[in-house]
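Annotated in TrEMBL:
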- 129-162: repeat 'TPR' (REPEAT)
- 166-199: repeat 'TPR' (REPEAT)
- 235-268: repeat 'TPR' (REPEAT)
- 303-336: repeat 'TPR' (REPEAT)
Amino acid sequence: MVEASHIILAEKKGNHVGANKIIMPVKGRIQPTAFKGVWKFTSQIKYVEVLFTCDLGILLHGREQYDEAIKSYQLAVHFRPSLALAHLNLGTLLASRGRNEEAEAVLVRCSQLDGSGVKDPRTHHSTRVSALVHLGRIYADRGEYTKAVQAYTHAVQIRPADYQPQVLYNLLGEALTRLEKHEEAERWFKAALVAKPDHVPAHLTYGKLLSKNKTRISEAEQWFIKAKKLAPSDPTVYVHFGQFLAELERHGEAASLYLKAAELAPNQYESIVGAATALRHAGRNHEAELFYRKAVLLRPHEGSSHSNLGAMLHLNGKASEAARAYREALRLDPGDRTTIANLRKLQALHGTRL
């Protein structure tokens with residue numbers, strides 16, 4: 001027999017359990033069997049509350065309240081250590097905030113979570129795979145491609161049958177390419193394309209891999225052409241295709257592709273700089289100057305933006321402006337040898353008064 005004065009119940013709002021509590025007084029004595037039923041009910045409430053905490057983290061994340069979102073995910077992980085989704089969300093958010101060591105630890109833990117007893121085993125195991133994918137990306141961004149391959153390979157091994165694998169296969173192929181294991185990489189790029197024939201990133205990465213082999217240049221170009229047909233409004237496609245053509249010194253064609261990328265993404269720095277560089281190589285110097293000026297507007301605090309503009313102004317015979325651009329570049333990056341050398345050349349031609 002158990003004496004009880006209060007039982008705490010959660011207020012229900014529709015199909016969701018709210019954060020507010022209602023304290024309901026209970027008079028008299030409760031039989032042990034009844035108490036067990038209440039305990040089971042409150043345990044279920046606690047599980048729903050953990051999910052609510054995780055959902056709150058997602059909401060805060062969407063509102064860019066990152067510190068609060070991290071705290072919500074940490075609470076969810078603390079109260080429900082087996083909840084893979086909370087681990088995944090916490091790990092990816094930490095990584096996006098540059099807290100990579102913490103992110104790595106959380107994602108490793110997520111990938112190792114035991115799925116026995118979870119309410120949704122399929123989602124649990126898919127979340128573990130996603131954790132390994134994000135972990136591999138962290139390693140790849142650090143240049144640790146062997147560790148990235150290990151993470152991706154583990155993800156392949158534990159992947160549920162219904163998990164869409166094309167992104168995973170493509171990332172594995174990219175990491176293997178970085179390790180110069182080209183035959184293995186090609187197998188995974190092909191696997192990604194079998195899994196999803198219209199997966200544009202795999203078209204691009206496979207094309208880049210083939211372009212490393214001079215005997216397969218034509219084949220590589222076909223993959224870039226296919227990517228452009230599949231995603232005619234994706235600036236990334238035009239940038240990668242433009243890079244491919246620029247490496248072949250087909251600068252006029254490369255410039256056209258970069259210009260399209262810049263049209264589609266006028267605030268994307270890489271597209272603007274790529275267009276400027278391709279135009280310069282194509283001999284279209286005055287157009288190139290305009291794009292280097294745009295690059296400076298996009299990243300005024302980056303020394304290379306001013307250095308590139310200075311070099312273009314130098315070529316276009318605008319010595320005074322070129323000198324100002326070089327000096328601004330050196331103010332931002334005092335040790336840049338290329339800029340120092342270019343400024344000295346300019347002063348040798350026009351005098352130190354510039």
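Glycine is treated like the rest: Cβ placed from N, Cα and C.
Proximity of distant same-chain residues to the repeat 'TPR' (303-336), defined by a Cβ-Cβ separation under 8 Å and at least 6 residues beyond the stretch ends, is recorded for 273, 276, 280, 285-286, 288-289, 292-293, 295-296, 342-343, 345-347, 349-350, 354.
Long-range contacts of the repeat 'TPR' (166-199) within the same chain: residues 129, 133, 136-137, 140, 145-146, 148-149, 152-153, 155-156, 159, 205-206, 208-209, 212-213, 230, each at least 6 residues beyond the stretch ends and with a Cβ under 8 Å from a Cβ of the stretch. Distant neighbours of the repeat 'TPR' (129-162): 84, 87-88, 91-92, 95, 100, 103-104, 107-108, 110-111, 122, 168-169, 171-172, 174-176, 178-179; these residues of the same chain sit at least 6 beyond its ends, with a Cβ under 8 Å from one of its Cβ atoms.
For the repeat 'TPR' (235-268), residue counts in helix, strand and coil come to 27 helix, 0 strand, 7 coil, using DSSP. A mean pLDDT of 97 is what the model gives for the repeat 'TPR' (129-162).
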